[in-house]
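Trainee: Below is a structure I'd like to ask you about.
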Ligand code: ADP
Ligand code: ADP
Ligand code: ZN
């Protein structure tokens, strides 16, 4: 099972990713999580990525593509993977196709989670995340069992620096110009699975499972 999760910032990619990897036993590759881990550890990659992320811009293709190419070569990706937040540009999508071709494989499904801008702003500004395991919660829509604590690993929940209204606006704009064209790109290839993202989290997962040809 080789899957890409596509959708605007806040559409629920990270939330659904947790369920999908549990169900299918495939690794979760989130470029956002990889950048945040490097920022937390103060690596050179982290320092460079932060300068873009804080402005709501994309990290340059060259850097991002190299990270994903390396990650896909690791052993745990042999039987499948789930890419979350990559590709985000046509250049990244083309690089992914090529990288998989060189490994004699290809994608099986591209899940596109659709959510309108208005809902995205509320979701992103109320989001709280766990920097240890990448889990995502919402103060109102999906609160953790214990306030401020991750349900999965008990680490402290924080608000992401880029989840403020100004940065959110530029991220949504960047999505519209750079990432949205990927919907058509994958539709033409017959890989796109359209999912209505403005439903309860459980129901969205059920729809994703159906689109993947599996029961919940
Ligand atoms: P993404 O990874 O696409 O940016 P997240 O999975 O982090 O999105 O979700 C963004 C925010 O919206 C989080 O606060 C999450 O708890 C909340 N959320 C996710 N799915 C839903 C849903 N179906 N309904 C309401 N809120 C949701
Ligand atoms: P979200 O889906 O909520 O916007 P992510 O955690 O996927 O958040 O990404 C956070 C930020 O990391 C993005 O706004 C962008 O700056 C950077 N980023 C993540 N993935 C990519 C990518 N594939 N290409 C370029 N930049 C990326
Ligand atoms: Zn956690």
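Placement of Cβ uses the backbone N, Cα and C atoms for every residue, glycine included.
Those TrEMBL annotations? Automatic predictions, nothing curated.
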Trainee: Region 'LID' per TrEMBL: which of the ranges 88-125, 126-163 is that?
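Mentor: In TrEMBL, the region 'LID' feature sits at 126-163.
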Trainee: Which one of these stretches, 30-59, 180-209, shows up in TrEMBL as region 'NMP'?
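Mentor: From TrEMBL, the annotated region 'NMP' range turns out to be 30-59.
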Trainee: Return the count of C-beta atoms lying within 10 angstroms of the C-beta of residue 10 (ATP binding site), excluding that atom itself.
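Mentor: The answer is 28.
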Trainee: Residues sitting near the region 'LID' (126-163): Cβ under 8 Å, six or more positions beyond its termini, same chain?
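Mentor: For the region 'LID' (126-163), the nonlocal Cβ contacts are 10, 14-15, 18, 28, 30, 33, 36-37, 40, 53-54, 56, 171, 201.
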Trainee: Specify the secondary structure state of residue 127 (ATP binding site) as given by DSSP, simplified to three classes.
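Mentor: The three-state answer is strand.
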Trainee: Looking only at residues six or more beyond either end of the region 'NMP' (30-59), which have a C-beta under 8 A from one in the stretch?
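Mentor: Contacts of the region 'NMP' (30-59) (Cβ under 8 Å, skipping residues fewer than 6 from its ends): 14, 17, 67-68, 71, 84-86, 88-89, 131, 134, 160-162, 166-171, 173-174, 178.
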Trainee: When the Cβ positions of the binding-site residues 12, 31, 86 are compared with the atoms of ligand 2, which fall under 6 Å?
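Mentor: Those binding-site residues that pass the cut-off, since their Cβ is under 6 Å from ligand 2, are 31, 86.
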Trainee: Which binding-site residues, if any, among 14, 88, 150, 153 have a Cβ under 6 Å from ligand 3, given in order along the chain?
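Mentor: The ones that qualify, in sequence order, are 150, 153.
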